[in-house]
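Chemist: Pulled these features from TrEMBL for this protein:
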DOMAIN    B:72-122  domain 'NADH-Ubiquinone oxidoreductase (complex I) chain 5 N-terminal'
DOMAIN    B:140-426  domain 'NADH:quinone oxidoreductase/Mrp antiporter transmembrane'
TRANSMEM  B:6-22  transmembrane segment
TRANSMEM  B:89-109  transmembrane segment
TRANSMEM  B:145-163  transmembrane segment
TRANSMEM  B:184-205  transmembrane segment
TRANSMEM  B:253-270  transmembrane segment
TRANSMEM  B:282-304  transmembrane segment
TRANSMEM  B:311-329  transmembrane segment
TRANSMEM  B:335-357  transmembrane segment
TRANSMEM  B:378-400  transmembrane segment
TRANSMEM  B:457-479  transmembrane segment
TRANSMEM  B:515-533  transmembrane segment
TRANSMEM  B:616-636  transmembrane segment
Amino acid sequence: MGAIITLSLLAILLLYLGLFKAKKALLPVTLIGLVLAVGFEWYGWDKIAEPQYSGMVLFDRYAIAFSILCIFIAGLVLSLSKAYFKAISENVAEYYTLILFSLVGALLVCSYHNFAILFIGIEVMSVALYILVGIRKKDRASNEAALKYFLMGAFSTGFLLFGITLMYGATGSFDLSELQQYVRNTPDHQISPLFFGGILLMIVGLCFKVGAAPFHFWTPDVYDGSPILVTAYMSTVVKVASFAGFLRLFSMVLIPLDGFWEPLLLTIAIITLFVGNISALVQSSFKRMLAYSSIAHAGYMLFAILSIGNLSPSAILTYGFAYSLASVVAFAALILVKRQIGTDQFESFNGLAKKNPFLAVAITIAMLSLAGIPLTAGLLANL
Amino acid sequence: MNELIWIVPLLPLLGFVFIGTLRNFLPHWLVSLIGCGTVLAAFAASITLFGEVYRARMVGGTGVMTQELFTWISVSDFQVSFRFLVDPLSAIMLLIVTGIGFLIHLYSTSYMHKDPGFAKFFSYLNLFIFFMLLLVLGSNYLVMFIGWEGVGLCSYLLIGFWYKNTNYAKAAKKAFVMNRIGDLGFLIALFFMIAHFGTLEFAGVLGQAKLMVSGDVTLLIITLLLFVAATGKSAQIPLFTWLPDAMAGPTPVSALIHAATMVTAGIYMIARSNIMFTLSPITMQVIAIVGVATAVVAAFIALTQNDIKKVLAYSTVSQLGYMFLGLGVGAFTGAFFHVLTHAFFKALLFLGAGSVIHAMSDEQDMRKMGGLRKALPIAFATMLIGTIAIAGIPPFAGFFSKDEILAYAFVENPIFWVLGLAGALMTAFYMFRLLFMTFSGDFRGTQLQKSHLHESPWPMTVALIILAVLSVLGGMLNVPEALQGHHWLANFLSPVFADSAAVSVPFHLDHTTEYLLMGISTVAALAMALLAYKRYVKSEARPEQLTTDRGLLYRLSYHKLYVDEAYAMLITKPLNNLADIFKKVDVKLVDGLVNRVGKGFLSAGNGIRHLQTGHVSFYIFMMVLGVAGIMLYGLIAN
Amino acid sequence: MDNLFSLLLLPLLSAIALVFVRSDRAKWVALLLSLFNVGLTLPFLLRFDPQGGIQFEQLWVWMERLNVNFHIGLDGISLPLVLLTNGLIPVIIATTDGKRFKGNFYALVLFMQLGLLLVFTALDAFSFYVGWEIALIPIYFICALWGSGDRVATNLKFFIYTFAGSIFMLIGIIYLYQQTPVRSFEWTAFTALNLPDTAQHWIFWAFFLAFAIKIPIIPFHTWQPNTYVQAPAAGTMLLSGIMLKMGIYGLLRWLLPIAPLGVFEYGTLVMILCVVGIVYASLIAFRQDDAKRVIAYSSIAHVGLIAGGVFSLTIDGMQGAMIQMVNHGISAVGLFFVIDLIERHTGSRSLSTLGGLASRAPKLAIAFLILVMGAVGLPLTHGFIGEFLLLKGLFGTAEYGWWYAIFGGLTLILGAVYMLRLFQKTMLGELSEQSSTIKDVKSIDVVILAVLVLFVIVIGVLPNYLLQLSEPSIQNLLQQISFKTA
């Protein structure tokens, strides 16, 4: 809880800093705040985890690990953003603030123990993003992306909410522990059809958030239209947090019903992999290629949920870490290349090895990692 | 003594390594000394070995000595050793290989004197002797196979010795490849032997084979495969065409490899494995038929060839055919006897031809020769002896060996005898034709050649004279009883062929018939010599006249029955066409398929990309479809 | 230095160090470092006990939670390949043109050595897979950066093709991992599994595809000729001399003991592919004009025979495969080196423009001839031992053995045809115009060729030492298979 409070306060502090034109202090302060938040999280590592605040949140090791990962990645994205945001926007402080608010949402999603918090977390995370996507006010693509994201997001939130409602209707509770009891104690054939409906709708909602097919359509357009670093943030932190939430629901509550949802998720995972990989092949824009590759990776991570077991969390965690790192490196490289050459088409990468060998090596490693090549940690996660 | 067997092959190997590595630094005389010296030393060692065997035979022993050097290949319970075997058969072969080998080395010191590749030549010759000795000495089929393929390599190197001539290089390749066809047969035969007998040692294989019944299928397969190998190495139908082409090599090579030693390896191998063949009557029939067919066909082709070496080459093929005929009718001693005498007189003839070619400034076309008798008296005299010997006129060497084969053939099937006699007649004719075209009449070459005519230097003439003496006396080794002889060779070799003798009907021909057969063949050979004399000396045929006779048979003979052309059309061309088809298939079909799979993914990607229209309404429509699908699933699943 | 990790560590450190060597001396530094690794290898060879099963085992926990370990060790199957790798890398480095290549090139070569060694020593499927992919990356860059012709597209195809193959293997590995009682990637755990028929059948294909593409067995070979031709000579040597052995090794180490039922089910099909491949590739080699392409196709024919020997499931075939892997490595490096030398001097590899080189470069011609004879399997050269045992193995195959031996044996004839054609068209005949710039080999090149030629003959005369290294392990493997299928 300390981390969430710290980050919320930090966001507000940053707004004030922006007000007082202390732009130079923005990044250091943010980073200090993030380190502090990690510290709070770390502090809770060895404590016995109990649902807190009337069972609203649960800071177990699972939540802490994913939270730290989210904070770390966000920190990474922010450190890269110093020069970038100055170039595209006047309101740098707002940008920091919004990312931090979104991060708070992500942490909530990682540590929810009650559907209410899940919903709030997702909304907090998303609302900040709606704005971030459109933060380049004069850029039509950016605006269009924001609008699209908002429309589709709203649509899918509806499904999620509907799903939660149906589950509530079946069980009379938003609490994960109680849901767990319900599933365990009710014989399979007596479980209410409402509950099954709820599962399906929640799958729809979560699939939208992680960008799994056929709910991925927003991803390429939005990723393409957003400022690069926002894309980086969305394709990493948001995705990891969504998966953490996804996995918690399935591993805590829905395991006994795996006969019901497994075929469905498997189909979705395969379609996602197919669409992601195949479409990535034919892209000529680096950024768009990354967008599709992130869809494909969502497919891989779905497999971890499918083969649910003791190792699933660590698999997703490792995968998330490796994938996020590689993505951030790739996006950072993209920024550099774009600044030097002015386009993100593949041709601009020709001859990079000669002009800037280290950048080339970094991109290569990142690409290989994204392609699932080992040593670069990606492989491990492919399990 | 038997622990010294390894020295025999080692000597020429050392010669090869020494000359080979230092070939650019050694003077000619030293190369000659090392090249000849090592072989002479090996000959001396062979004589000692032979003496040992001889003594053992005299006191009634089998005369078998073995020596194991080391285990060569060992996998699981299969083991092959580098192991040598000296018995009466290999002892005689040793003498032939090293003895004639030495004479030819000696001859070459002179013959190759001006060649820039002098040292290279001697290193190859020494290497050849090494491999030939392995072939002869091996105590199992695999060591024999080393020699078998090794001599093929040397043959390749020496045929293509003057490698700058593309045709020579091609001839070398042809020889190697055709030999390899046979070698595959050999190898597969080895596998059958291993599978059946569990060993490749002669003693083990043959010892078990002799217990099998006649007509056993495994033996039939093994012997047929071995015979395939023999047809390659010993130039029998259908694999004989490489030998005439092999005349591209220097003449001493033709004498050593392509007449006296390597090409007889097939006969040696079959003689060595005789019991397996004796127990496979079908194979024996096949061998006899192929042998006699080769003898006749090659003799027929030799009738009209104008290149002096080509005539001798076809003559070799034909004589090898006789040897196989001998093997096929069970005259193992006779066949081996013919190997021996043939080695003498054919080496002699080739070396004599070499002297002629040497004198004629590398001219090989007999139409441009003539009247060389005066300029080359020794060459003439020795070649005359060789010719009489090969024509089968008593009391020279060829008569006895050929007669023995024909006598066995007569007993087996008179048709073989008739065909064999026809071949012998043609042999007498073409050999005397060669002699007369070369040495009689007037000189038909250029003035320049005429001014260079000279008798060969001493190393060449010495070799000729020794071989001539052997050609005269060689027949005495195995004089038949009908002529008051004692069959010395047959007695000496009897342990080698004892198993075969035990299971086959003893050879029997009453003396009257034998005299009759001998008389017919002798008279016929003399008649043919006379015919050649009439045609090429008496009528004083001019070179242009020599080629005017253009009957159908003449054309067939002159064009070598169009066998090369037939092979080109039936085998080489289809194979090349197939290769071209495969080449296209590989690029277009197999690789095309791979590429198509790749392209398939790309086009699928393009298809999916078109779904990404950019319209939110369409996206939502797709999402709703998705949701509907999921709900439908929910309904069905529950 | 009796820690097996030192063998892997040295190439890695060397590779890192070489990145920073920018002078012309990079070649010599790399050569020295790789020779040092040869020195490190020797103690293992000397102390190796063929009967001792897996030895010099080293285990370093990598990811404890997932039970992933760097687990390496040597047995009779891996040791010859480790020797081959460590022996050939210095040779390959020595053959390169020191003026053309800088430190980064040699760094990639040594990095590749690391991957190869990891593949050959790994006793943990995860380490194996890591090595498998590590080896792919440097060779991709070697070929893409220093190659010629349409190298980017060719290499991309090579990369994607082999990578796609390995994905199937990865799926197989993950599946096997989940089947193990205590989740583990250990080789021992994988081979102890007793999978049902159907599982073994698909596992067979998952592994086989990866290996078959790498080897390559037809019809998965089409990446190979183009890649060989367009790669720089050293790259071709790495690919054909060492890398393709990864596939064969994979068959022996992983596929056979894990999915013997799959091998029984599809063995005949694979054997037919191998044997057909021998004839098919040989015939195509007849009609090539590019010397490198001739050897590329001959390579397909040769490895087809090797793979056939493995699938014959006989001691002879497998022992033949073991020794022939070493032999083929030596031959391939030697032959490609000769062709590279010719190309360096004359600027051409085209058989129609070359000719008569022997008159100007007799030493080169002799070395080439001996290598050619080794490749066509003349007795007393190494090639004979391999071909003899392999064909004996094919002959001994439970079903259709004769046919395999006869068709496989055609390589004896066809091989002679295309190799002698290659020799004749380059070395023999009149000196052609294109060839007139040839110079004979000298200094270090002579040494390299002499060493290779020496091995050609020494292995041919004394093969037993190598055979004995691997025999107990192969026997063991065969027992394992028969036990699992009984």
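Backbone N, Cα and C define each Cβ position, glycine as well.
Heads up, TrEMBL stuff is auto-annotated, nobody curated it.
Keep in mind that this is a model prediction, so the values were computed, not measured.
Set these features in their place in the structure for me.
Modeler: Broken down with DSSP, the domain 'NADH-Ubiquinone oxidoreductase (complex I) chain 5 N-terminal' (B:72-122) shows 29 helix, 13 strand, 9 coil.
Same-chain residues lying 6 or more positions outside the transmembrane segment (B:6-22) and placing a CB less than 8 Å from one of its CB atoms are 31, 34-35, 37-39, 41-42, 45-46, 49, 67, 69, 84, 94, 98, 119-120, 122-124, 126-127, 129-130, 133-134, 137.
Residues 8, 28, 32, 35-36, 39-40, 42-43, 45-47, 49-50, 53-54, 63, 121-122, 125, 129, 132-133, 136-137, 250, 252, 255-256, 260-261, 268, 271-272, 336, 339-340, 343-344, 347, 351, 354, 459-460, 462-464, 466-467, 492-493, 496 of the same chain lie 6 or more positions beyond the ends of the transmembrane segment (B:89-109) yet place their CB under 8 Å from a CB of it.
Outside the transmembrane segment (B:253-270), and at least 6 residues removed from its termini, the chain residues within Cβ reach (under 8 Å) are 89, 93, 96-97, 100-101, 104, 107, 125, 128, 132, 135-136, 144, 147-148, 151, 154-155, 158-159, 161, 226-227, 229-236, 243, 246-247, 277, 287, 309, 312-313, 316, 320, 323-324, 327, 335-336, 339, 342-343, 346-347, 349-351, 354.
Counting residues 6+ beyond its ends, the transmembrane segment (B:282-304) has Cβ neighbours under 8 Å at 215, 220, 223-224, 227, 231, 235-237, 240, 270, 310-311, 314-315, 317-330, 409, 412-413, 416, 419-420, 422-423, 426-427, 429-430, 433, 554, 556-558, 560-561 in the same chain.
If one looks beyond the transmembrane segment (B:311-329) by at least 6 residues along the same chain, the residues whose Cβ comes under 8 Å of a Cβ in the stretch are 230, 234-236, 240, 243-244, 246-247, 254, 258-259, 263-264, 266-267, 270-271, 277, 284-299, 301-302, 305, 335, 338-339, 342, 346, 349-350, 353, 366, 390, 402, 404-405, 408-409, 411-413, 416, 420, 423, 426-427, 430-431, 433-434.
Listed by sequence, the residues of this chain that lie at least six past the ends of the transmembrane segment (B:457-479) yet keep a Cβ under 8 A from its Cβ atoms are 100, 103-104, 106-107, 109-111, 333, 337, 340-341, 344-345, 347-348, 351-352, 354-355, 358, 378-379, 381-382, 385-386, 389, 394-401, 404, 485-490.
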Chemist: What residues elsewhere in the chain lie close to the transmembrane segment (B:184-205), defined as a C-beta under 8 angstroms and at least 6 residues from its ends?
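Modeler: Residues packing against the transmembrane segment (B:184-205) from afar: 77-78, 80, 83, 85, 139-142, 145, 148, 218, 221-222, 225-229, 232, 272-273, 276.
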